[in-house]
Amino acid sequence: IAATQPSTDWHLKENAREHHTSKFSSEELIVRRGQAFTITFNGAERPEQNLIFIAETGPKPSKATKTLATFDISSTVSKEGWSAVVQSSSSSSVSISISSPHNAVIGRYRLSVQSGSSSPQSLGTFVLLFNPWSSGDDVFMPNTAECEEYVLEEFGIIFAGNKNHISSFGWNFGQFQGDILNICLAIMDRSLYYRQDPITDVSHRHDPRYLGRVLSAMVNANDDQGVVLGNWSGKYEGGKNPTSWTGSGEILQSWKKSGFKPVKYGQCWVFAAVLTTVLRCLGIPTRTITNFSSAHDADGNLRVDEFYDADGNHLERGADSVWNFHVWNESWFIRNDLGPSYSGWQVLDATPQEESGGIYQCGPASRHAIKEGEVELDYDGPFVFAEVNADCMYWNYDSATGKKTLIFSKSTEIGASISTKAVGRDARVDVTRDYKYEEGSAKEREIFKKARKKLGLEDKFDPTAPKQEEVEQKPDISGKFKVAGSLEVGKDLNLLLVLENLQSDAKTVNVNMTAWSTLYTRRRVNQIWKDSLSVTLAPKEEKQFPIKIKYPEYQQQLTTDKTIQVTALCHVKDGIQVLVKRNITLDNPAIDIQVLGEAKVNKEVVVEVAFTNPINEEVKDCVLQVEGSDLLQGILELRIPPLKASEKSSTKFKLIPSEAGPKHLLVNFFCDKFADIKTFKMVNVIN
């Protein structure tokens with residue numbers, strides 16, 4: 001008699017509950033490695049006598065590459081490989097508990113069963129993920145509250161702005177929504193590594209270190225037609241402005257729908273947020289990290305050179321730069337290649353800045369190795385170390401003669417207020433101390449010298465033994481910009497330039513001032529304002545000069561990053577030049593969300609969003625975008641009529657929450673005068 005095709009009960013609900021995969025909305029079994037799951041099937045006669053199971057993954061499964069496992073019924077769970085233990089059986093069906101090893105390759109498996117000498121019968125497919133709840137797994141995270149946050153939480157907060165003025169916005173990671181898991185599996189199968197050697201690539205997918213590196217390359221479009229195309233030009237025609245995204249779902253879905261064409265456009269937080277979604281989806285604990293005053297050291301000498309002309313304009317010379325902020329990722333796993341003290345948080349960076357091994361990928365770099373200056377350890381230690389530690393050199397450059405003169409250097413500028421979201425609450429946590437010893441301390445300088453020595457740099461620029469053109473002279477005056485009043489788009493910008501004579505004789509100073517709109521990378525886009533003044537400072541005198549840049553002056557020039565760099569280059573008669581600069585990030589006006597009534601599963605609830613036009617002219621082309629995992633499907637887009645000066649708009653819409661618990665609603669409002677006014681609201685959904 002021909003054997004009938006067995007029908008399989010995958011016990012989806014029970015297995016998902018046991019394996020922390022209940023949030024996936026899938027008809028397919030999704031389980032975590034190193035942990036048993038139960039299936040029941042019928043159609044086998046005297047089933048448990050001589051059943052052999054076959055689990056296989058990838059294009060050419062084999063035992064040698066650990067992509068094929070055959071295992072029969074045993075009485076106990078195997079410590080090493082796959083195993084099957086009978087739970088119960090009747091004359092027509094059998095329930096089996098199947099266990100995979102802690103270091104199994106992750107991905108989609110085909111499962112079949114063979115009875116005696118008959119040919120194997122397919123039972124179907126299931127997906128195997130990393131297991132941070134299991135102590136044998138490389139990604140094991142002992143603290144369950146951290147597992148909840150870094151694997152199961154679909155909402156995040158990303159910090160931005162600058163170190164004097166930290167701002168934040170919400171992000172919908174959405175790793176359990178719709179088709180995201182299948183898209184994440186597709187990302188792995190489209191990497192350069194897979195295309196070059198699919199069999200080897202799949203066999204390495206047991207290793208979070210390997211997958212983290214591969215996925216840091218695949219999230220950017222460089223080299224491999226990856227997910228997101230970067231654009232730092234300030235012009236975003238033909239795509240979406242990077243500041244307008246509010247979640248990863250739309251990006252990943254667009255990538256798939258377009259036939260895997262890179263999605264336009266991303267900047268650092270977009271790459272980091274998408275990588276967070278992909279890694280959390282696969283079960284690797286991951287978070288976003290924001291580094292303020294972040295160095296991009298292009299030439300690997302652990303210092304960043306910035307050039308200014310005589311008018312105080314910041315020149316685009318050399319490849320080094322300092323960004324107001326930069327966002328990357330940390331993922332949690334052990335480093336068997338480096339040793340136990342290097343396990344824990346690992347830095348991954350999907351933003352395409354510098355090539356590593358010939359392609360745009362970065363990490364994993366052990367955070368502990370970065371703190372200790374052990375820059376030679378895999379991977380990309382020097383680049384990450386420089387991002388948080390580089391010294392800054394500020395030069396005056398004369399384009400006529402090509403002469404450069406050092407204005408001053410600073411070793412405490414880079415890597416400030418390194419930030420991430422708190423576990424279980426919507427707050428900022430400062431992790432700077434996990435990256436470096438206290439700024440300015442002897443230990444911090446010692447580590448910096450250690451890193452330079454490892455890179456063979458100790459005899460080149462060393463602050464204790466400078467070359468002639470790098471001698472820093474003592475300035476006669478000091479200066480700073482102070483903010484007077486609020487920093488808000490739509491309002492005039494009021495600053496004070498404060499100059500102080502440090503000497504006991506009078507000083508004459510000519511000051512050239514400029515203000516430019518910039519990107520968050522401090523790349524100049526449009527000049528907003530320039531002015532100059534001459535002043536004589538009496539001995540030890542301090543003077544303040546008010547500066548006003550009116551809203552109409554900057555409104556047309558401002559980028560959607562809302563950043564302005566103000567510089568004053570002070571030419572002191574018979575003395576050295578003094579550079580005063582400040583990067584300013586303006587805040588958007590506020591927007592308010594109210595949930596009217598109680599939010600219950602599968603019941604309509606009304607939400608009201610209110611915005612008041614703060615400027616003296618009409619705003620038009622107003623759009624409100626709303627998203628939130630488990631609160632609504634996809635993105636809701638509402639057009640709002642024009643608003644006259646000081647007019648308030650109130651928009652109502654309905655949600656039908658699909659799951660209980662604390663959920664986050666994200667709102668983005670934009671119009672012709674304001675880009676991407678964002679806010680979020682926690683909505684507690686009850687059954």
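Just so you know, glycine gets a Cβ as well, placed from its N, Cα and C.
Where the annotation comes from TrEMBL, it is an automatic prediction and has not been curated.
The annotation domain 'Transglutaminase-like' is assigned in TrEMBL to 260-352.
Annotation comment: TrEMBL describes CYS268 (among others) as active site. Sequence-distant neighbours of CYS268 (active site) (same chain, six or more apart, CB under 8 Å from its CB) are TRP323, PHE325, HIS326, VAL327, TRP328, THR351, listed in sequence order.
All chains included, 26 other C-beta atoms sit within 10 angstroms of the C-beta of HIS326 (active site). Feature annotation from TrEMBL assigns active site to HIS326 (among others).
Among the features that TrEMBL reports, active site is placed at ASP349 (among others).
Sequence-distant contacts of GLU444 (Ca(2+) binding site), defined as residues of its own chain at least six apart whose C-beta falls under 8 angstroms from its C-beta, comprise LYS436, TYR437, GLU438. Look at TrEMBL and you will find ASN389, ASP391, GLU439, GLU444 tagged as Ca(2+) binding site.
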If you count the other Cβ atoms within 10 Å of each Cβ, which of the recorded positions ASP349, ASP391, GLU439 comes out on top? ASP349
C-beta crowding around ASN389 (Ca(2+) binding site), within 10 angstroms: 25
On average, residues of the domain 'Transglutaminase-like' (260-352) score a pLDDT of 95
Taking only the CA atoms, the spacing between ASP349 (active site) and ASN389 (Ca(2+) binding site), expressed in whole angstrom, is 17
